[in-house]
Structures are given as structure tokens and as C-alpha cells.
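Asker: Quick paste of what TrEMBL says about this protein:
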- A:76-280: domain 'ABC transmembrane type-1' (DOMAIN)
- A:366-561: domain 'ABC transmembrane type-1' (DOMAIN)
- A:27-49: transmembrane segment (TRANSMEM)
- A:75-100: transmembrane segment (TRANSMEM)
- A:112-136: transmembrane segment (TRANSMEM)
- A:156-178: transmembrane segment (TRANSMEM)
- A:209-239: transmembrane segment (TRANSMEM)
- A:259-281: transmembrane segment (TRANSMEM)
- A:308-335: transmembrane segment (TRANSMEM)
- A:373-392: transmembrane segment (TRANSMEM)
- A:404-425: transmembrane segment (TRANSMEM)
- A:431-450: transmembrane segment (TRANSMEM)
- A:493-520: transmembrane segment (TRANSMEM)
- A:540-561: transmembrane segment (TRANSMEM)
Amino acid sequence: MSTVTTPPPAVAAPRTRRLPARDSDRFVYVLALPVVAILVFLVLIPMLATARSSAGGAGFADNYRSLLSGASGHALLLSVGISLASVLFCGALGTFLAVLLTRFEFPGRRLLSVFAVLPMALPPLIGAVAFVLLYSETGIVPRTLHSLTGLSPASSSIGGVSGVILVHAFTMYPYFYLSVSAALAGQDASLEEAATNLGAGRLRVWRTVLLPMLTPALVSGALLTFMMSMASFTAPQLYNVQTLTMEIVSARTSGNEALAATQATALSLVSIVFLVAMRWYQGRRVHRSLSKGSAAVRRGLSSGAARVAAGIGSLLLTLVLMAPVLVIVLVSFSVDGAWTTQVLPPEYTAANYQRIFTDPKSLMPVSVSVQTSLMATLAAILVGAAAAWVVARWKLAGRWTLDVVIMLPWALPGTVIGVNLVTAFNEPTAANLGLTLVGTLWILPVAYFVRFVPLVFRSTGASLEQLDPTLEEAARSLGAGPVRVLRTVTFPLVLRGVMAGALLAFVDGVGEYVASVVIYPPGTVPMSVEIYNRIYASEFGTAAAFGSLQIVLILFVLFASRRLEDGPRRRPRRRRTPAVKAS
Amino acid sequence: MIPIRLDHVGKRYGANNTVVNDIDVTIASGEFFTLLGPSGCGKSTTLRMIAGFVAPTTGRILFGDRDVTSTPPNKRGTGMVFQNYALFPHLNVAQNVAYGLVTRKVRTPERDQRVARALESVGLGRYADRRIEQLSGGQQQRVALARALVISPDVLLLDEPLSNLDAKLREETRTEIRRAQREAQITSVYVTHDQAEAMAMSDRIAVLDAGRLHQIGTPREIYNRPATAFVARFIGRSNVLDAKMVGGSGETAVVRLPGGATIEAARPADMATTDEVAVSVRPENLRLTEPGGGMLDAVVHAVEFTGANSQFEVESGGLKLSITAPDSAALPRPGDTVGVRAEPGHAWLVAR
């Protein structure tokens, strides 16, 4: 009856055995092979090609020594300085908005909270163009001030380095806003109540409870903003500020490929360090509410004057946030070449839109961007979703490496990705398997794929993480083999995540500028490059019309992917008979 | 209807993290067998080894004559009910129940009939078209049971299926599970940490702690004759007291408690002859007497009224005892001195 002291096994030989790898395990590793091969071929080898080419010209040592002096040294310092300032301003603006909107109730709060994420709807180039149109010396705001007060536009305009920082602050603060809002919303009100109950005043509650719990959100927001600022190219280009990304492109244009490669490699290293730092930081144990209490109640404003002030303040802030989009839409109806020194464009027409859809020359950039981005998106769905599944189910060591390699293109500046691809696929070599992409249309979808496959990977991965593993076990125990489990349980349940990522990848591909400008083949101009060309030719109307189309597309996609992520409850199917597809 | 044999099954992670240590048991055909223990005792790991989700490090698992140790879970023919039910959220109720039949290539007229019958038998016939999220917890639980039973499995595995239900529903559902299991006569393995649930449902119970098997027996055997101090404490309430063997012979031993009182205790036949033992006495088998009228005198520390009974915490020279006494007006109060007597035949020696 009782087996308190278990007798030694009857058979002397140890019964230890390793089970043969289960078929499901083997399937993961079989699928990993093509995924890894594609990533190595399109991400790692091009990166190494650039690193190798950085030894050319004046030689390895001299090239890297030049990073510490002269123009590139200055550019590196400038990039770091601008990035630090961007982190500071974005952090202040994003945290302020997050605290305001999650913790306080005031007139205009709902309006402001809708428009707080609007900067995410701006493609990078369009965002920068809008700020130039608004705040530069020839911009609307300084001209308005001039006509009202006689203040010279030069003294009220924001340009140069401050212009770049301004664009960064207003387009990158959502990184802080979103992470801090999420952290605040996830906090349990009872923690604050406990602190108050123990005698802490409101300030002390913030200092000793809330801020420490926000640290992870602030740190990840800061790392992300710094990385994105270092990679920024459009704002420096429009304000003509010689950051490192600008230096890379001008070095390439002037034929100094070795120097460009050196700068690109240095920038890659910085990005990789930040990517690894972010992964490490997110993987650490962080403060998290252990309880599942209710969220804190928003505090109302008591005095009437405060409510009026808050209402006016949020209205003004909403206007400032909306201004970039409004100005693009407004200018898109202006007549090319008519807007010279007036405050606002003097003549309006719908011809810009008409021309885009009727003139084959104007329609071409749209169809190039849509088609190449579509190709890239389809490839990203296949590879990104497969990679996410492989990483989620990988049981051996090395899972971490795969995760970092696929996220790498997300951390790399678009300029660097462009340079890497151009260096690797310039002429047939052993490393690129004799494939020449430079000068062909194929280089665009390849670049978009590399840049945006992490989006599909990440959103699929998030869906997989939410997937309850017992669902797959339940299917196994009901007799389904690994492939059937994947097809009938896993895939249908992560499909929304795959689609949300794919939509973002598609729309980012359509608006892509930074890598495109380095790689686009002659004769096939993608939409964003066309926008830049039109602005350069002072055809603001047509440029803004292209931009408006991109904004509409992004708004549509943001709306669709939010619906996908929230998952509107699907209607119950009206079917009487049980119907699981038999096969 | 097949027996399950766990042939010296063990599971170790890494070099020295043993979660299950050499479990050797045969579960009879049609038996309702429960793995009982606190969280982390290895009961769920054992169940998952039977299901095929975890590979044992040592030993073999046999379904009847078939060695399934390295058979993948989808080829084992088990039906499993998960703690969180693991119903597929993208399929409706009927599709969930049909899933195992589809994998078994059961064609439609028969499949629909079996699904309908299974849903009918758990009282959910009208819910076939519902989405999972539209069901209550108890209804989801019954869908999970129907899904596991509709495939007529050789073995039914249940992993704490009642832990997410409220108390009243839990009692109804355990009767329902047992009825369904008896009707289908399926060999079943049930995992729980709730000893009352285990006692009420099981043919036999295996008590585990820290990966070790402490005792296997019927609920009555385990309650009345716990093999170890752990079992005595874990099953119901018990006073487990360190004691020294001072006399007695055969099936009866006389032991001395700290403080000097002696008590006569039943002695299990397979117990090793040592001086250092422990004696287990249930609170309801101790009686309050006049001071000097029992084996020892003690001071009442606390009295708790629990309805039909009252719980006494008493102390005698460092020895603390719990006593259950039927409620009456003349019960002693905190601070009073009382005598304590053990009902003859209800004290039981256990390994320390």
C-alpha cells in the first residue's frame, strides 16, 4: 500500500532515455532553415559587404580614424547631439500628454486623445515637409506673424538644427506617449491608495510609487527615440543639416564609397548596441503590478477657470498636432508655382489629384510604390510569420540570435540598409550568388522587405505569445498531428496579428523614402522620391497631393489594424451543423 | 477499457531538478484514479507524461500492453480536459466537440450524430451554434468534457478541471464527471490539489509531495490510515505528534508523547521498527474530559464555534492539540483546564 521508501528499480540498468525528437520539433527546425537562409542572404551578408568595403579607399584604419575628426566626426557628434535633444523633448511632450490624458478629466480630453497619435499617420518625408511648410523662414506661421506684427520671418522661423529637433519632437513623441500611457493604464489604483493610506501626499505618491513604476516605459521610449533620431534622414535633408545619415548619402553621391561604408558601419554598430540594449532591458524583471485591480480614476478639475483654461489649452494643442496634416491637405489643392511669398497659397484647384490619376507620368510613382510594396509585403508575410513561429517554438539554444537577426533591419537606419544592398548586389559575386539587383526594379521590393519584415515578425510574435499553449496541446490530444495543429488552430488564431503587421508593412513600403532615395533604379521612381523631386522643383501642390494620398492610406490602415488587434466580436455563424473542414 | 501502467516513471530537468521521482503504479481498467498533492508536487507533470506532452526521463508508460512512452500525444488516444478548458475560440461549440472526430476521419452523418449526442449528454444540446465566449464557465467546462468524451478515448485525463468554478457548481460538476466516467467506463486519471474533491470522486488516490509518492489507497484507507506525517496533515485535519515507542506488540504500540503522556496507537504492518515515530490523531477522535480524567491535562487557548461543532486549541507543556467537540452549553472556555482522552483505536503511527 504505502511506498514511502521506494525500492530500487528491478532492472539494474539506468532507464534514462532521450526520446527521439518529436515530429513537431523537427518541423520547427526544418522551417527555420529557409528563414535563416533568407535573413542571412538579405540582411547579414549585405551588412558584412558594407563592413568589408569600409576597408577600401584610404584603408581600414584611416577610414575609421576619419570618424573622429573632420566632416564625419562633426556629423557623428551632431547626430548624437540631435538625438539626445530629441529624447529630451519627446520625453517631456510624450510623458506630459500621457499623464494628462490618462490621469485627468477636463474639457477637450477626448478630442486631444484622438489626435495625440496623429503624428503616426505621417509618413516620415511628409511629416518633415509639413514642418518646413509651417515653420521655416518661408513657412506659414512666420509669414502670418510677419503680416500681423511685422516681426521678420527670419527671427520667428525655426530652421537648421532646431528645425530637425522640432520635427523629431513632434513626430517621435508617440514612442513615449504610447509606452507611458500603457504603463499608467496598467497600474493598479490600489497601489496609490495604499501609499496614500500610509500617509504619502500626492507629490510623494508620484515620486515614490508612480515614477519608479514608469521607469521601464521611459527607458524603452528613450532608447527607441534615440535610435530613430540617429536613423533620421528626411528632416536633416530638408533642413540641410549634415548629420551622419546625410554624410553617408553625400559621400556615396560624391563617389567616396569607402567613406560611406565606414560611416554606415559605424551607424550600424550604434544601432545594434541600442537594439541589444533594448532587448536586454525589456527582458529584465521589471516592476509590474502583481494584482489585477482597477485602473485609477481620472481626476477632474474643480475650478471653472481651470476647466476653461484646460479646454482652450487642449484645443490649441490639438490644432498644433493637426496642423501638419491640415497643411499638407491644403497645399495639395494649391496650383503649382502660384504660391510664392503669400501667407497661404492664393489659388486652389483639384487638378493635382486629377493629374495623378490620368497622367501616366504622374501615376507611375504611385503604381511603382504600390506594386513593389505589395510584393515586399507578401514576402514579409511568409518569412515574418514563419520566423515568428520558429522563434516562439525554438527549444534549443540560439533562439535569441534569430530574434535579434530578424529585428536587426528594424534597428538599422534606412540609409544603411540602402547602402548595404547597393554594396552587396552591385555586381555578381560569390557572396550574392551572382545576383545583381542594382539598377533593376527588384531592388525596391527587396529593400522594403528587409526594412519591414520585422513588423510582421513582431505582430505575429505578439499574437503567438497571447496564444494559450494548451489550445495546441488540446488539439494534439484530440489526435491532430503538428501540421494540422498549425493549420487548424495556430494559424487561424494568429491571423489577425499577421494581417495587422502586413498592413503596416505595406503602408510603410508605400511611403518609404530613406532607403529608396539611395537605391531606386533610373526610370522607376517610387512615390516618396517623386514627392521630394516635386518639392525640389517647387511643385508643392502635386507633392502634397501625393502626400495626402499616403496619409489617407495610412489612416485607413491604422484604423483597420486597430480593428484587427482589438478583434471586433465576430458574429456567430448561422450554421446548424458542426462543420470543421474535413481533410 | 485498458489499464495504465507507470513503470518507475521519473522526470528530471537539468542535472538535479527532479520534479517526479520514480512513480510506480498500475491504474486498473475503468478506475477513477486521482493524483493529489499541493502545487508543485509533480502531479500535473505526471499527468502530462501520460498525455505525452512531457517525455519521462526514466521509466515507461504502458496503455494495456502498448508501450506509449515515445508515442506522440496525438497517437495516444487520450481524451483530456484542461484546467482552463482550452476550447478553441475560433470554433463554435459543435466544431470544438467535432474536432477530435475530424482528426479521426469520422465522416459527416455519423460525426454530426455523435457531436449532437455528446452535447445532449452534458445538457448543452441547444448550444451547438454558440461561440465559446458566449458560454459561462460551467458550460465551457461541460463542452470540454464532451469534447474529450466524444472520441471514446481509451484514457480520460483531467487536469484540475473544476478549479475555475465556484463552490456550488464544483460539487454539481464533479458528480456529473463521475457519472459520465462510470457510464463510459473509461480509465481516468484526475489531478487535483483539493482533498475533499479527491475523497468524493476517486476509486483510489495517490498522494504526492515534492515529486515523491507518499501513499496510494482508497479514500478511506488514506484518511484512516495515513502512511506518512505529510499524508496525515494533508488529508483532513490531524494532530501529528512526535513520539517515542515505549511498548506494545504486534499491531498495537504504546508511545510516549513529549510531556510524558502515553497513548496506545495502531501500528501499520510494514512500519520499520524504530523508536522515533509520530502519531496521528484526528481532532474528532480526541475527547474533552474533567481535569485528571484523560491521558493529559491541558489549558484551553482558543475556542471557535463552527456550527454543529466547536474547535478547541489546547496546550499541555508545549504540546499543542486541536480537538473537535460537538457543541453544547457546558463547554470549557479559554483559560480553563481540561483533560484530554483519545478514542481507542483511532491513533495511528506514521513515519516521521
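Each Cβ is built from the backbone N, Cα and C atoms, and glycine gets one as well.
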Asker: Would you confirm whether the transmembrane segment (A:431-450) and the transmembrane segment (A:27-49) meet the contact rule of 3 or more C-beta pairs below 8 angstroms, pairs 6 or more apart in sequence?
Answerer: yes
Asker: So, does the transmembrane segment (A:112-136) come close enough to the transmembrane segment (A:493-520) to give 3+ Cβ pairs below 8 Å, pairs being at least 6 apart in sequence?
Answerer: yes
Asker: Taking a Cβ cut-off under 8 Å, which residues six or more beyond the ends of the transmembrane segment (A:308-335) line up next to it in the same chain?
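Answerer: The answer is 104, 106-109, 111-112, 115-116, 118-119, 121-122, 126-127, 129-131, 133-134, 140, 170, 301, 344-345, 347-353, 540-541, 543-545, 547-548, 551.
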Asker: What else in the chain is close to the transmembrane segment (A:540-561), if you only count residues 6 or more beyond its ends and a Cβ gap under 8 Å?
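Answerer: Counting only partners 6 or more residues beyond its ends, the transmembrane segment (A:540-561) has Cβ contacts under 8 Å with 120-123, 125-126, 129-130, 133, 325, 328-336, 339, 345, 349, 352-353, 355-356, 362, 365-366, 499-500, 503-504, 506-507, 510-511, 527-528, 530-532, 534.
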